[in-house]
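Undergrad: Pasting in a structure now, in structure tokens, and then I'll have a few things to ask.
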């Protein structure tokens, strides 16, 4: 009775903490659910535990949330003088960019630090850095920015869970190694130094052994891990590569096996095991997700030392409370959610067989994973069945042997071959049909799927049968809803100084992407400066959003002209999403930009060169430019016009004023409601006379913040003002969406929470 009460109280404390840190519909509903469960378990033990544990946790959460809010309100500063400490195992370098966390001296806050390396020798020095570093710097201090596109990864919230609210960009600095005089701090620093040395040694190993060694032994996901091993993420094997209870159990198992062979007394083995756990926790970088496994392992060691056995429910509850003390926001992270959800399920699976346990864990994890990653492979459950025992028996031992024996090339290459076979098999399976683009689940659906999944294998057969039918029915309904939405959208992505527009008709009758964006690089870079692991906005913004909307293919990819800021990320789109047709202006196929950026990635995609008046299947807009074959320059841009959701929309890439005038002359009766202003708001476009003739009500600018061209130009802004147009600008509004159903719709912007309703003029 007391163990069940303790378990429920720990859940109550966790949900109360969730409401304190993030008061929203999700945390409120979860708190109400736990309160309802608590009402059925009221007894003297329950009330006593609530008072004894709940009060200090409540005060702790309130105080910590208040401190975090004060920290987040710290104003931005330019050329601020700061100093702090950097741990060598937290440093990440890509090209000439250095990224790490740093603890500031003045307030002990942890910040995200970014620095630009000025020479190859400086880069090599940082790559081989093995000391704790103290720095004094002149830098820009700023709040970590929120996402500017819908469903984009929220770095601000992610880092808040780690109590990091600000970032610093180094302008100039001096660094020097330091040592601590405090014994405990000196020991901690030494473990981090050894960890950094281990990472550097593992980085020298051949692939994929290098990635596997860093993840499985050192608890660090290298920058190349998921890029080199795409199947790991697709098939949901990330948990095997994230330091967790699996790794802790494996380390303890190895230690206990060795100590038994040496006939070490069990009590001594328990103390040595506890010491190893604490040191491994620090050595692995002190990750919050490892606290649960650390506490569970320490409790297990007390049992070996002869102490009274603690029920597994209480072990889980203590682990949860300990993790919340160490990092109160851990349950806001996917890693924390999966860790505690999976182990919670395992508390009640003693009567289930291996297959039933894995099916249950897959069903419970699906809403958690899909809510953030939007995809699910149908083979994921079966691959996990096979992968877990293979990992335990083959992969982990091979990684350990390969890492320890790296001075013997034969051993390293043999182990790398074994691991390579496994890695290639995973990647191959990931390419098989079955990767479902489900889309973003609403919080309500996620909670229902999660709760129903918990009932799939209860002992009461009728309840289990109803739960299974309900779970499958609900998931099927979600798939139908995301695949065939009743509303359509006309969306402009915020991708900086570039263009990318999505048109998705109701029920996904057609999906059209106009341009893809692309970061233009000015000046040449030496090889050591080139970034190898930076993901493009084509992947992190466009593909991510398409997946969140349940979009698995594009009917027409329109590339208005050959400028890199319009087609630069087309190769990413072609690699990640099935594209039926690419629409380009006539003459572009003969240009070098097409041969370099598009042609190598076409696969089965059909290319169509167009001029004014051509009809394209599943194209919701009409082609009104170019009039003749050209060289895909600005003046040859494809211009599109048509009615979407009751609004006449015009968009034309970087078409100049002369081109706009030609269109106006060709179509004298054309009227525009929503005008996507040409060339990012440049004065070379947006002819005042033409705009006056078209009489648009809404103007949209897609331009980068603080761009070198100063787009949008004052002349364009004056034209907008003179025509009394409503202006939406990605610089200030972020992503812009016009959502519509039939002939009515409304604008929605990502930033500032602004809404503007526009109805049909017809």
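From the backbone N, Cα and C atoms, a Cβ is placed for every residue, glycine too.
These came from TrEMBL, pasted as-is:
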- 497-705: domain 'Metallo-beta-lactamase' (DOMAIN)
- 28-61: transmembrane segment (TRANSMEM)
- 237-259: transmembrane segment (TRANSMEM)
- 271-295: transmembrane segment (TRANSMEM)
- 315-334: transmembrane segment (TRANSMEM)
- 354-370: transmembrane segment (TRANSMEM)
- 382-404: transmembrane segment (TRANSMEM)
- 441-459: transmembrane segment (TRANSMEM)
Undergrad: Is it the case that the transmembrane segment (382-404) and the transmembrane segment (237-259) have 3 or more CB pairs under 8 Å, with pairs at least 6 apart in sequence?
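TA: Between the transmembrane segment (237-259) and the transmembrane segment (382-404), which are separate recorded stretches, there is contact, as judged by 3 or more close Cβ pairs.
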Undergrad: Considering only Cβ pairs within less than 8 angstroms, which of the stretches 237-259, 315-334, 441-459 has the most against the transmembrane segment (354-370)?
TA: 441-459
Undergrad: Test the contact criterion for the transmembrane segment (28-61) and the transmembrane segment (271-295): 3 or more CB pairs under 8 Å, pairs 6 or more apart in sequence, then answer yes or no.
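TA: With fewer than 3 qualifying Cβ pairs, these stretches do not touch.
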Undergrad: Looking at the domain 'Metallo-beta-lactamase' (497-705) alone, can you tell me the average pLDDT?
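TA: Mean pLDDT across the domain 'Metallo-beta-lactamase' (497-705) comes out at 95.
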